[in-house]
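Reviewing the structure listed below.
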Ligand SMILES: Nc1ncnc2c1ncn2[C@@H]1O[C@H](COP(=O)(O)OP(=O)(O)OP(=O)(O)O)[C@@H](O)[C@H]1O
C-alpha cells in the first residue's frame, strides 16, 4: 500500500487484501484483472467504485458494464454489500451492454421499434428474409440452398448472430463478390445472403431499426460507432468505466468499450476469468483479456487477485485439477465436497431432497442452498420431490417447469377443455399461456392484435377458448401458401383436441388424458417445427415426458391433477420472496455464490451435453461448481459408466490431501485487524462525535474512529 495515498473507502464486512487495495488505488488509464472464480473480482470492482465516490466523484460519472443481467444484478448488490449507501449506489449506472446500447440508441430510434427477446419471435422475419433472398438470387446464383425448416432457420439465426457479435457483418466488402465475402467470413453463402436481407428488413433499408432480437442493440450501437462515432459524442461524460465478467466480451461489445475508454478523461478497470467463457456462440473469447486491450492500450497494467475467498482449499484444488491450472484459496476453511448416487431421475430428485434435508439438519438456513441444473427440464422431478417433502423452494420468476412454453400450452388446452382458465391465478402466467397457445397452434397475428387479445383474455379468462374462433374468421378466403399447410394442420389438430377434451370425463386418469392430448396435437413434431433450435426442441421432449411421468406417478384424475398443478404454482409464487431453496440454471448463476451448491443429474447424457462444445461445457461446470462456499454436493448415477466424466476430472482423492495442508497453512496466518471502527451516530450527534475525534467517511456516510484509538469515549455509538 502506498502510504502517501491511503484508501479513502473502507469496505464493510471484509478486510481488503493488499492486492485488492492496489486495484482500489490504481491510477492507470487501463487496468485489467484476470483471476480465478471467487477471487473477489466483483467485490474489488465495487470497492473501486466506493473509492471513486469517497473521492467525491459524482455517481453519474461512473459506468459499470456487464454482459448478462445476472452479472449486472450481482454487481449492484455487491455495491451495497461493501457499504456504498443505497442512495448513492442507485445513482451509479450498472448496466448490461445491451441495456446501455439500447439507452444510447434511444435518441435515434423510432416509436414503433419492436423488441424480440426470443428466437421464436424472430421466425417470421427470418422467413421473410429467406423469401427475399430467393426472389433476388434464386436461379441466378449457384450453391444457393434456401430451406425453411427449423434446423435451417436455427442455423441462420446463429450465423447472423455470429456475424454481428464478431462485427464481420459491418466489414467493408464493397468491391467483393458475394461468394467471396461468404468465404471470407467463413459462413455458408445462403446464410450470408439471408443475413443481408434480414438486416435490410430489420433496419428498414437504413431508415432505422424496426425490430431488435437479442444482442441487436449492442450490434447497432457498435455499427454506429464504427461508421463515424456519431452516438459516441452523446455518451455521458464518464470518468470511470468498469466491466465485470470481461471473459464474455465479443468484438461488438469491445468496440463500445473502446469508444468509452478512448475519451481523454476516462479511466477503465475490467475483470474476468478466461475459464468462464460460456458464450462462445456470441463471439465471446479470451482474446480480449489476453491481447486486444494491450494492442489498443499498450500502457495498460495488469493486477493480480491470486486467491479465491469464496471457498476453502478443497474445492479450490479440485477445480485446479479440473481445469489444469493454478488455483489457491485464502480461506482457512474446509469446503466439503459430498457425493451421492442414484438410479433414475426420481431417485436423483430424492437424493437432492436428502442433501437439502441434511443441510437443514446441520443447522443451516434453506436460503443458503442452491440446486443448479444444466437445463430447465431437470427441475420437474426435483420440484415435485421438494413439494412432497414439504421443503420451500423458489425459482426465478417464470422459470419453473410449470411456466415452460410446452407445459403452458398443455395447461391452456386443459383450461379450455375443463372451462376453468380462471383457476390460473397469476395474470402474468395467463398472458404466457395465451402466447404459448398461439405459438404451438402455429397461429399468426399481428403484434398489435396479439397484445389486444392477450389483454382481454388475461382480464376475462373465460375468453381463452375463443382464440381459435377469431383466427378462423381471419383465415377465411386466404389462399394457403406452401408454408401454411403444416401450420393449418396443427391448428386443426388443436381445435379437434379441444373438442375431444371437452367430452372427456374429468374423472379419467390424468396420465391417460395427457398422453392422448400430446398425440393428438402432435406435440413433439410441432415443437420441432416451432422451436427454432433443435437443442430446445429436444428439451421440450424431455420436459413433456417428465410431465406425463409425474401425472402417472400421482395416480390423480384429470380434475385433481389440474387443481394440484394450479395449487402448486400458487405455492411456489407465494414462496418466491421467502427464505427457500433456490433452483436455477447453471448458466444464470454466473457471478453468484451460495453456501451450499447441489449439482444434480451429473450423468454422461446430460452434463457435458453430448451435442454441445466440450470446452464450453467444461467452463459451464466450472462456473457451477465454483459457486459454492461451504459445501458442494455432486449427484451422479450409481452405475459408474453412466456418470459425467467431469467428476473423475476433479481427482478428488488427490486434491484433498494437498487441501488439508493448505488449511493448516491458512490457519497459521495472522488475521488482519480491521482498520476502522464505525459508529452509529445520528446526524444530530455529529458535532459530539467529531469533538471526540471521530472522522467522517463520505462514501459510507458514516462516522468512524481510526484503529488503535481508545474506543471508550465512543461506547454509546458502537454497535453491539
Ligand atoms: N478481502 C476479502 N476477505 C475475505 N473475503 C473476501 C474478500 N474479498 C472478497 N471476499 C469474498 O469472496 C467471495 C468472492 O468474491 P467475488 O464474488 O467478488 O468473486 P469473483 O471473482 O467476482 O467471482 P466470480 O469469478 O465467480 O464472478 C465473496 O464472498 C466476497 O465477499
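Every residue number used here counts from 1 along the chain in the order it is shown.
The backbone N, Cα and C atoms fix where each Cβ goes, and this holds for glycine too.
TrEMBL entries are annotated by machine, without manual review.
Record features, source TrEMBL:
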DOMAIN    14-312  domain 'UvrD-like helicase ATP-binding'
BINDING   35, 36, 37, 38, 39, 40, 41, 42  ATP binding site
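Sequence-distant contacts of residue 38 (ATP binding site), defined by Cβ-Cβ distance under 8 angstroms and a gap of at least six in the same chain, are 308, 309, 310, 311, 593, 626. Residue 37 (ATP binding site) falls outside any helix or strand according to DSSP and counts as coil. Residue environment of residue 40 (ATP binding site) contains 27 other Cβ atoms, counted within 10 Å of its Cβ in all protein chains. The 10 Å shell around the Cβ of residue 35 (ATP binding site) contains 20 further Cβ atoms across the protein chains shown. Ranking the binding-site residues 37, 39 by how many Cβ atoms sit within 10 Å of each one's Cβ puts 39 at the top. Other residues of the chain with a Cβ within 8 Å of the Cβ centroid of 35, 36, 37, 38, 39, 40, 41, 42, the ATP site, are 271, 273, 305, 308, 309, 310. Only 40, 41, of the binding-site residues 36, 40, 41, place a Cβ under 6 Å from an atom of ligand 1. Long-range Cβ contacts of residue 36 (ATP binding site) within its own chain (separation 6+, distance under 8 Å): 273, 275, 305, 308, 316, 319, 325, 327, 626. Shown in sequence order, 33, 35, 244, 271, 272, 273, 305 are the residues of the chain, 6+ apart in sequence, with a C-beta less than 8 angstroms from the C-beta of residue 41 (ATP binding site). Within 10 Å of the Cβ of residue 42 (ATP binding site) there are 26 other Cβ atoms, across all protein chains. Confidence across the domain 'UvrD-like helicase ATP-binding' (14-312), taken as the mean pLDDT and rounded to a whole number, stands at 91.
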